[in-house]
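Notes follow once the structure below has been shown.
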Amino acid sequence: MRGLPGHERRWTSDTVSSGKDLSGESSPGTDSGNISGFASEEFVEVILDLQDDDTIILRSVEPATVINIDASDPATGVGIGGVSIETPASLTSTSGTRSPTMRRSTSNKLRQFSQELKAEAVAKAKHFSQELKAELRRFSWSHGHASRTFSPASFFQNAVVGTGNGVDSALAARALRRQRAQLDRTRSSAHKALRGLKFISNNKTNGWNEVENNFAKLAKDGYLYRSDFAQCIGMKDSKEFALELFDALSRRRRLKVDKISKEELYEYWSQITDQSFDSRLQIFFDMVDKNEDGRIGEEEVKEIIMLSASANKLSRLKEQAEEYAALIMEELDPERLGYIELWQLETLLLQKDTYLNYSQALSYTSQALSQNLQGLRKRSPIRRMSTKLVYSLQENWKRIWVLVLWILIMIGLFLWKFYLYKQKSAFQVMGYCLLTAKGAAETLKFNMALILLPVCRNTITFLRSTKLSCFVPFDDNINFHKTVAAAIVTGIILHAGNHLVCDFPKLIHANNTNYQKYLVNDFGPSQPQYIDLVKGVEGVTGIIMVILMAIAFTLATRWFRRSLIKFPKPFDRLTGFNAFWYSHHLLIIVYIVLIIHGTFLYLVHNWYSKTTWMYLAVPVLLYAGERTLRFFRSGLYTVRLLKVAIYPGNVLTLQMSKPPQFRYKSGQYMFVQCPAVSPFEWHPFSITSAPGDDYLSIHIRQLGDWTQELKRVFSEACEQPEAGKSGLLRADENTKTSLPKLLIDGPYGAPAQDYRKYDVLLLVGLGIGATPFISILKDLLKNIVTMEEQADLVSDFSGNSDMSAATSEQPALNKISPKKRKSTLKTTNAYFYWVTREQGSFDWFKGVMNEVAELDQRGVIEMHNYLTSVYEEGDARSALITMVQALNHAKNGVDIVSGTSVRTHFARPNWRKVFSKTLTKHANARIGVFYCGAPILAKELSKLCKEFNQKGTTKFEFHKEHF
């Protein structure tokens with residue numbers, strides 16, 4: 001019989017009068033034919049789970065009332081479509097002493113079956129009854145003797161009273177649980193198990209051929225030594241685990257060796273890659289069962305937990321191995337025999353999903369993907385190209401019109417100068433080389449002015465809040481800055497190249513007649529030599545600019561700024577943020593020299609024709625004004641450090657007082673300077689406090705020399721942790737050592753500050769990249785609490801019949817403007833995905849995660865933590881970690897990895913499934929995807945946004961943080 005997913009059907013045993021009855025055998029020791037003896041006999045209620053694949057799982061057997069199929073005699077019970085419920089008087093009379101199941105009324109049973117049973121239940125009942133009778137008959141025969149002396153009810157009674165045969169009762173109880181576990185293992189659960197306990201990940205090795213090649217490299221005298229086993233099978237990162245695996249496989253063969261032959265290696269490999277779940281389970285059991293007695297004690301469980309924790313780089317879990325070993329024993333050994341067996345370990349592995357129910361909202365299946373992507377008909381190549389073109393225009397129209405306008409301006413300036421110099425007499429000698437050089441020079445003047453505008457951060461921050469943000473992509477200001485820099489490099493090559501290798505040689509080699517006729521008014525009566533042109537004001541200033549810009553542009557590239565290129569000392573100082581920061585200040589000299597260069601021109605003599613200063617005047621003044629504003633504002637924003645903490649992963653948290661005039665939005669950042677480290681360097685950091693907080697906070701991870709020195713300075717000011725407290729270095733206002741002075745400047749706009757525009761948020765942070773979104777989560781949480789308070793206020797007001805009370809509450813309601821209500825209700829859901837490599841990283845924002853879990857009763861915010869140091873679910877190295885995680889959360893409500901109520905997932909997220917889930921849950925919504933982290937994931941997320949935007953009406957808009 002096919003049942004509805006997620007529902008259960010309940011059947012009870014009955015007298016077996018004919019094969020037409022859907023019944024199970026009565027409990028051992030009862031007379032199935034004696035209906036009048038219900039008061040003295042014990043019947044069971046069998047709870048079955050009917051799966052979609054027509055398999056049946058026996059969940060429990062409890063005392064219950066009697067139900068018959070195909071027996072609708074009014075004299076004996078009430079029938080429902082072939083199902084009758086008998087309620088003997090004897091059972092009714094004893095209901096007061098029976099369990100809650102026994103006290104269920106007939107009306108409750110009628111309601112339950114009317115809701116759960118479908119028409120197909122009656123049609124398939126006869127067939128199912130035969131299978132169930134046979135299964136229960138086998139169950140009764142196999143445990144008849146044990147059940148006569150030990151019933152489920154009598155076991156617990158004996159346990160309380162403490163009579164006699166405690167060990168026998170415990171063994172009988174375990175035997176009963178084992179029988180149930182065997183019935184519970186169906187085809188569906190076995191199929192799920194095939195995905196678990198994999199010793200070799202598919203992406204780690206390409207099968208036996210690669211292992212064979214590794215053997216050839218590592219073998220000595222034709223044997224592979226135990227110490228090289230991990231590297232040979234592709235488990236180099238989990239050497240301890242691999243060595244235990246080697247020992248377990250050797251023990252099964254009664255071998256105690258330190259080396260194996262190629263043939264033995266092949267046998268080992270065949271076993272650990274066996275597709276049979278039972279085979280893999282036995283190997284895992286053997287790894288734990290080191291004394292080979294077929295039983296696992298608590299100490300052995302502790303050892304394998306420590307081994308798994310070490311393989312997954314979970315140092316804290318290793319420290320708490322004893323506690324979690326006791327937790328597993330408590331769950332699997334309720335009889336307290338002191339050991340567990342293979343079948344109990346199997347039960348825990350197969351039923352771990354039951355304990356993970358708390359995270360079902362976090363682990364969405366791929367069904368959503370199939371629902372959204374199935375049925376998409378294949379389109380012709382022309383149709384696909386046109387769709388992509390339309391989408392690209394819709395997605396990038398802001399960038400396109402800005403770039404097109406910029407390119408058209410450069411083309412116009414180039415052509416204007418090109419034709420202007422074509423009319424000059426110098427063209428007759430220098431030719432088109434002169435025209436190209438002058439056209440490029442005009443674009444250089446324009447771009448040298450334009451490149452300053454995207455880095456006028458205060459101006460950009462202001463413009464973000466205006467209507468202009470609807471037409472100009474201010475989020476791409478840094479990218480546009482880099483694009484203009486590339487155009488400047490191109491212009492320099494054209495301008496300087498044509499002068500040095502083309503028109504200068506033509507000038508010095510021109511015959512005297514042409515020189516006197518066309519160039520004497522520009523270069524004087526004496527024809528210059530090449531060195532005269534180079535050492536002149538124009539030549540010297542040009543060379544100086546080229547050298548300084550080459551240095552600044554080179555050190556600003558990603559390879560140098562991110563220290564991707566390694567140099568030996570002392571040249572290592574040429575890489576990193578400091579090299580970028582200081583080299584960029586060379587451009588101040590470049591602009592001064594550029595004005596001089598544009599004043600002393602060979603072919604232009606009228607001052608109003610020398611336009612370089614005209615291009616630069618406004619941008620240079622604007623940028624200089626911003627730098628001046630930063631200087632004075634940093635002195636105006638006096639802050640007092642309130643709290644300092646240094647977390648695992650070399651993360652420094654600074655909490656400081658909030659200046660009264662410092663107003664910011666969630667997602668924005670500010671610049672920080674510490675004179676004790678450097679009196680000149682300013683570094684940007686995302687603000688992690690919410691706008692409503694009465695303090696400012698930032699989280700700084702040690703990545704470069706400045707952050708390293710900053711951490712050292714504050715570490716010296718921090719106090720050592722007291723005994724019994726967390727091992728964090730902390731300092732506050734009461735610390736005896738004075739804290740270093742800190743200067744701030746900002747706030748400055750960032751893409752994440754526009755999160756309120758979207759119906760749904762998808763926030764993705766890698767490591768310290770989570771910082772821009774912590775402030776957003778805090779702000780959302782505050783809005784949630786405010787919204788609930790407003791709803792309660794409105795509810796109290798509407799339900800209050802007292803006019804005086806209503807009058808007193810009316811002003812409070814009037815304060816809630818429609819505009820404010822609309823802004824708080826705009827974002828309906830937020831999904832935060834935090835991916836990190838280290839377990840200690842979760843301490844950074846532990847308080848925020850607990851606060852969200854406690855206050856977000858409506859489930860507006862979903863938090864997803866991913867720890868990439870742990871092997872993915874299904875890997876044998878993380879199997880026990882997953883079990884402990886599930887058990888501990890089911891019992892205590894706390895995740896063992898993060899220390900919060902938010903479950904930690906292992907390995908990396910499947911981003912396609914994440915997008916599919918979000919698409920399914922929020923059809924026709926505008927979803928903002930905000931990302932902060934490594935560029936490689938940004939490309940994947942951007943690509944997925946484009947892909948899913950072409951599938952339906954839901955729109956994903958991707959934004960990446962730039963500093």
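Just so it is clear, glycine is given a Cβ too, placed from its N, Cα and C backbone atoms.
Residues annotated as topological domain 'Cytoplasmic' in Swiss-Prot: 1-399 (among others).
Sequence annotations record features per position, and here Swiss-Prot assigns compositional bias 'Basic and acidic residues' to 1-12.
The transmembrane segment feature in Swiss-Prot is assigned to 400-420 (among others).
Below 8 angstroms of C-beta separation, residues 498-499, 502-503, 506-507, 510, 514-515, 517-519, 522, 603 of the same chain, each at least six residues beyond the ends of the topological domain 'Extracellular' (421-435), sit close to that stretch. As annotated by Swiss-Prot, topological domain 'Extracellular' applies to 421-435 (among others).
Residues annotated as transmembrane segment in Swiss-Prot: 436-456 (among others).
The average per-residue pLDDT of the prediction over the domain 'Ferric oxidoreductase' (438-595) is 89, rounded to a whole number. Per Swiss-Prot, the feature domain 'Ferric oxidoreductase' maps to 438-595.
The topological domain 'Cytoplasmic' annotation in Swiss-Prot covers 457-482 (among others) and is backed by sequence analysis. With a threshold of 8 Å between CB atoms, the same-chain residues lying at least 6 positions outside the topological domain 'Cytoplasmic' (457-482) that come near it are 398-399, 401-402, 451, 622, 626, 629, 668, 747-749, 751, 753-754, 959, 962-963.
Residues 403, 406, 410, 430-431, 433-434, 436-437, 439-441, 443-444, 447-448, 450-451, 454, 542, 546, 549, 553, 556 of the same chain, all 6+ positions outside the transmembrane segment (483-503), place their C-beta atoms under 8 angstroms from a C-beta of that stretch. Here Swiss-Prot flags 483-503 (among others) as transmembrane segment.
Swiss-Prot lists 504-535 (among others) with the feature topological domain 'Extracellular'.
Through the fold, the transmembrane segment (536-556) approaches residues 485, 488-489, 492, 496, 499, 574-575, 579-580, 583-584, 586-587, 589-590, 593-594, 596-597, 600-602 of its own chain, all at least 6 residues removed from its boundaries and within a Cβ separation under 8 Å. Residues annotated as transmembrane segment in Swiss-Prot, with sequence analysis given as evidence: 536-556 (among others).
Feature annotation from Swiss-Prot assigns topological domain 'Cytoplasmic' to 557-583 (among others); the stated evidence is sequence analysis. Remote same-chain residues near the topological domain 'Cytoplasmic' (557-583) are listed as 551, 681, 683, 704-706 (criterion: CB distance under 8 Å, separation of at least six residues from the stretch ends).
If one looks beyond the transmembrane segment (584-604) by at least 6 residues along the same chain, the residues whose Cβ comes under 8 Å of a Cβ in the stretch are 421, 424, 426, 445, 448, 522-523, 536-538, 541-542, 544-545, 548-549, 551-552, 556, 610-613, 616, 620. The transmembrane segment annotation in Swiss-Prot covers 584-604 (among others), and the record cites sequence analysis as its basis.
According to Swiss-Prot, the feature topological domain 'Extracellular' maps to 605-759 (among others), an assignment based on sequence analysis.
Among the features that Swiss-Prot reports, domain 'FAD-binding FR-type' is placed at 634-754.
Taken from Swiss-Prot, the feature transmembrane segment applies to 760-780 (among others).
As annotated by Swiss-Prot, topological domain 'Cytoplasmic' applies to 781-963 (among others).
Sequence-distant contacts of the topological domain 'Extracellular' (504-535), counting only residues of its own chain at least 6 positions beyond either end whose CB sits under 8 Å from a CB of the stretch, comprise 425-426, 428-431, 433, 543, 602-603. In the topological domain 'Cytoplasmic' (557-583), the DSSP tally of helix, strand and coil residues is 15 helix, 0 strand, 12 coil.
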